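Data block below; observations after.
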Amino acid sequence: MAADKVDPIHQFHIVKLIPINIGGYDLSFTNSALFMVATVAVASAFLYLTTASRSLVPGRLQSVSEMAYEFVSNMLRDSAGTQGLKFFPFVFSLFMFVLVANLLGLFPYFFTVTSHIIVTFGLAALVIGTVVVYGFGKHGLGFLKLFVPHGVPVFLLPLVVLIEVISFVSRPVSLSVRLFANMLAGHITLKVFSGFVVSLSALGAVGIAGSVLPLAMAVALTALELLVAFLQAYVFAVLTCMYLNDALHPGH
Amino acid sequence: MFVTSAFAEESAPAAEGAAGAGAETHAGTEVPGEAHGTFPPFDPATFPSQLLWLAITFGLFYLFLKRVVMPRLGGIIDVRNDRITQDLDHAARLKGEADAAVAAYEQELAEAKSRANAIGQQAGDAAKAEAEAVRKKVEAELDKKLGAAEASIASIKANAMKEVGTIAEDTASAIVEALVGGKASKAEIAAAVKSVAR
């Protein structure tokens, strides 16, 4: 059936490339792992090679690397202050990793690493873990002030603290689900519209004429997905900066 | 999409049986309907592998960026910023030098102007004084010549007057002689001429 040919979910399947099984856990090198390696390799190679000449007047590609560097640097400084710059390597790695993973996922037949909730959740848990560990390490129990906002009437305090705790706990979930759902939905939509093109063009001349519309839609969606790929990497990085700000200054 | 189509196929026989049986068939068809089990992103079987490889790749990426890429990028940008500040300083210094040169030039120009004015003034004064002296000398000479001329005119006039007196005396004595016949004394004639000439 046509549905078998253009199954929009097929692109998310994990395929074991090198089966590895240690202690009952399946730790195989899969297509997902392959694309994580590819993401890291592409991002590292780009950043390394474009800056190799260390030109005083940067070329185009070196400007791109410098722009990314200064973009994340400004983002972090704006939301977490100069103290936040100790997390700069972390935020920059996160931003570049998510961005390159998203962009690589736009290529046909490529696997999108960030369309798997466990990957985005892993990254989000890393962020929140860093916030919690650093927050308690730096401020001790003072970090708990994060849950007690200033100027709240005492009788409202239990309710407010409860809300603050819930909002804090939901952070890793919202952070990971936002990225995951955006990538997943975008790729499914793309696949569905591309599938329409294939199915319609199998119906003869009328179908081919009719398939122009979903084709145009697929092109437009690709542009949109390009924007989303960048935007979601940006959003992920910005939220990371804001959460790190909480770890640095829990008083607010 | 799959689940709903499978459900639609199975819903006809399910409608014949009880509600519970329908739910059972539905639950039963769901598993074979999806050849690969659950929706792939939610398949927990893939979680350990993905987490492991994420940790490995992201960890290496983080270390590489922190150790190699970011010091290099930061270095490039710092060097450029230093260079820009240096160049700006240099430009400011050069501008200061240029300003000083302009000021010195203007001052020298003003001095030269005032010097030129002084020289011009001096030359003008000297020329005026000289001209005055020459004028005075010429005037004095002219005055002297005028005086001399007046004196000579006066002497000539006096001489002439004197001659006129003599001529008149001579003429008077001749007339007296001719008319009266006799000689009038010279003194009388002279006195008569003098009284007439007055």
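Every residue gets a Cβ built from N, Cα and C, even glycine.
Curation does not apply to TrEMBL; its annotations are automatic.
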Which listed span TrEMBL calls coiled coil, if the choices are B:39-66, B:95-122, B:151-178: B:95-122
Beyond the flanks of the transmembrane segment (B:47-65) by 6 or more, those residues with Cβ under 8 Å of it: none
Stretch-averaged pLDDT - the coiled coil (B:95-122): 95
